[in-house]
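Step one of this worksheet: look at the structure below.
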Amino acid sequence: MSIKHWMASSVSVTALVMTALLNITAVSAEEKGLVDPRNDAFEQNHPDQYQSWKKTSESVEIEDALAEDPNMVILWAGYGFAKDYNKARGHFYALDDVRQTLRTGGPQDAKSGPMPMACWSCKSPDVARVIDERGEDGYFEGKWARLGAEIANPIGCADCHDTRSEKFKNGEPELALTRPYVERAFQAINKPFEQQSRLDKQASVCAQCHVEYYFTGPTKAVKFPWDMGTGVQQMEEYYDALGFADWTHAVSKAPMLKAQHPGFETWREGIHGKNKVVCVDCHMPKVKKEDGTVYTDHKVGNPFDRFEDTCAQCHTQSKDQLREIVSTRKAQVLNMKLTAEKQIVAAHFEAGAAWKAGATEEEMKPILQDIRHAQWRWDYAIASHGVHMHAPEVALEVLGTAVDRAADARTKLVRLLATKGITEPVQIPDISTKAAAQKALGMDMEKMNAEKQHFLKTVVPDWDKAAAERESKY
């Protein structure tokens, strides 16, 4: 990077910090009766919950999903997930992970970077605070870096609870939806939060983030595509009617959809959801202390880690028996996932070859639609974390339809390529590793990593300093 570029970056960083410092002069959230985003502010009234929440920091390891499955680099060619995709860690690391991922780039001022403000939406209770203070448009408008100094606390208390209520102050949970767009989504499926049962509310607060969503309008605001329902077919029809695409695929030129993490939607269709076994039953069980005190364990994690408090509350099988059942289902889903990936990856490269051979937009349109639908269905299944446990039958069925759609695309491509004089199989480059797949796409990973490291060293410390100054006035 040139000296000139570094100097310009330093000036931009200064401007970004000054913008953040100007925000510090605002009256504190507590004084205005707004959301307090600090998780430790609630330790005194909820000590057990807070201490167990802190234990989500124990999931230290970062698992590189692209290194584990390089096919995904090709499937997301031209989109941020081809740069970097790690498996989720504990809530404690939500801010660290979104700051560090290559997907958010290395912005040097409030107006640069590849992502919108919406990418903070599931990462911090500061989001609820900023929406409270500025309104939804005031939160969503602009680039991700615009309010970086405002988003300072990882996922915690004020994301799921009405921390301003008297009930919460007196030790009760008082669950709440803290994002207005989530309230609208539940109204769209005729399940307004205030009319939901206790069990439904326990699932709905998790659904604020563990769902499919997209960015819409000039501010790139978050919206759930539930207007026609929450099933894979219904959301596909919604997106098609809207003419929406997250991006255009770099190889096939297909108008693609990127499923986020529709865990709530797949859970609803599975055996647990249909029997009202909700998220907290398995991931945040009630536990008893030595003194007899019962509280909800906020160390969100694997149910097998607390088997007696989770699975054993309903199941009569032993831990080993249930683990074997889950392991078998996971292997079945993985096998179908890889089968779908092989077909969709091939379809992308074959579509790319068809374009190079002179195919027209009219000839390609139905093929690209098949590819779009195939990958949407694959992504819907694999992005639903824990789907092999929540709804394995749903995952297998949806992945089966992904294979079918990909086969439809490839059948049409064989015929089209033949009309262009191409009768030999289309060659697929070396994509055996993450690095090889990224190289095949011409991605400059060295540059991206350098930009990210510069951002982490020059911008993030100033964000943290500005946030600490603001919170010192609470």
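The backbone N, Cα and C atoms fix where each Cβ goes, and this holds for glycine too.
The model shown is predicted, which means the values in this text are computed figures rather than measured ones.
Cross-referencing His46, His91, His348 against the heme c 3 binding annotation in Swiss-Prot, which names Cys206, Cys209, His210, picks out His91. Cross-referencing His261, His272, His283, His298 against the heme c 2 binding annotation in Swiss-Prot, which names Cys157, Cys160, His161, picks out His298.
Each of Cys122, Ile155, Ala207, Gln208, Gly263, Cys279, Val300 belongs to the same chain as His91, Cys206, Cys209, His210, is absent from that list, and has a C-beta within 8 angstroms of the C-beta centroid marking the heme c 3 site. Same-chain neighbours of the heme c 4 site beyond Cys279, Cys282, His283, His390, judged by a C-beta within 8 angstroms of the site's C-beta center, are, in sequence order, Cys206, Trp267, His272, Val277, Val278, Val280, Asp281, Pro303, Gly386, Met389. Sequence-distant neighbours of Lys258 (Ca(2+) binding site) (same chain, 6+ apart, CB under 8 A from its CB) are Trp76, Tyr79, Phe81, Asp246, Trp247, Asp379. Measuring Cα to Cα from His390 (heme c 4 binding site), the binding-site residues that fall within 10 Å are His272, out of Cys119, Cys160, His261, His272, His298. In this structure the C-alpha atoms belonging to His283 (heme c 4 binding site) and His272 (heme c 5 binding site) are separated by 13 Å.
Largest CA to CA distance in the heme c 4 binding set (Cys279, Cys282, His283, His390): 12 Å, whole number. Taking only the Cα positions, the spacing between His298 (heme c 2 binding site) and Lys123 (heme binding site) is 16 angstrom.
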